[in-house]
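Annotated ATP binding site per TrEMBL: K69, in sequence order. The compositional bias 'Basic and acidic residues' annotation in TrEMBL covers 341-356. What TrEMBL lists as domain 'Protein kinase' is 40-324. The region 'Disordered' feature in TrEMBL is assigned to 331-356.
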Amino acid sequence: MSNPPNHVHGEQVAAGWPSWLSKVAGEAINGLTPRRADTFEKLDKIGQGTYSNVYKARDNLTGKIVALKKVRFDNLEPESVKFMAREILILRRLDHPNVVKLEGLVTSRMSCSLYLVFPYMEHDLAGLATSPTIKFTEPQVKCYMKQLFSGLEHCHNRHVLHRDIKGSNLLIDNEGILKIADFGLASFFDPNHKHPMTSRVVTLWYRPPELLLGATDYGVGVDLWSAGCILAELLAGKPILPGRTEVEQLHKIFKLCGSPSEEYWKKSKLPHATIFKPQQSYKRCISEVFKDFPPSSLPLIETLLAIDPAERQTATAALQSEFFMTKPYACEPSSLPKYPPSKEMDAKLRDEEARR
């Protein structure tokens, strides 16, 4: 990411951007005008992450309900500002109905904070999937998965890896539209000129074996593995690989997907290969464990949960798989049930109430 020339920096500050942001993230905000915080009215806190809080708010200029993501910075550390600038650049590169859209940025010249403005989405897939009263039908599962793969196809075509696909990052509105959200861990990738990336990404239950083994050279396969975990979870009604530690996570993966061949260990040269190599070898048993799933779903799950990332193919191939071509077909998003508000935050609040 390049810093802007001085005259651009001057223009950005004149347009109302704080100097600390323009200095480090000039490229990310180029061509945008900041909105002022007093043009929004906060209604509710709806989420909390490591680096941010999310609020439901009203845009006083349009009357529209939006989500405001307030980004926290450690003393305006250039590194943490750069990190956030990458998220903005990525969001600006993406434009697809199944990817959340950045609608604006809120800050002012004297401000030390920054809000990202997004459309407000009533639900997330984790909240719906864990609700005791909701059981998805096969056409509904196909509808959500089709939207997830369409969004991933767009990201990957634009050379973006999401690197944190999980239910709570898949937002759903009252029209049944699913949008991939939270690009805080996302990264640009160049399939022709690989540069090392961190393996410390993706929430544990959805993290593929190559990342657990310390791979720094990876691609779209990481998102496809996570999508495979979600597909199986929606059909099973519960997470399929709920490991508590990295060692246990790999163990669960090998028990379900089979332990890798000697060839794989030799070829992979992965940093943690020797520590994590299982003592005994496991046979792959996906079709036995998931024997009650619709038969057309099994080849797709087998592909997405391949130990070797090269065998997971692409989001485009997933959309053309037998699963989506076999009756019952995916329902239309608009025909999905209208759910009462849930959001994972509400689920957390429900749990806290119950624990009291």
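From the backbone N, Cα and C atoms, a Cβ is placed for every residue, glycine too.
Neighbour count (other Cβ atoms within 10 Å of the Cβ, all protein chains): 23 for K69 (ATP binding site).
Across the domain 'Protein kinase' (40-324), the model assigns an average pLDDT of 93.
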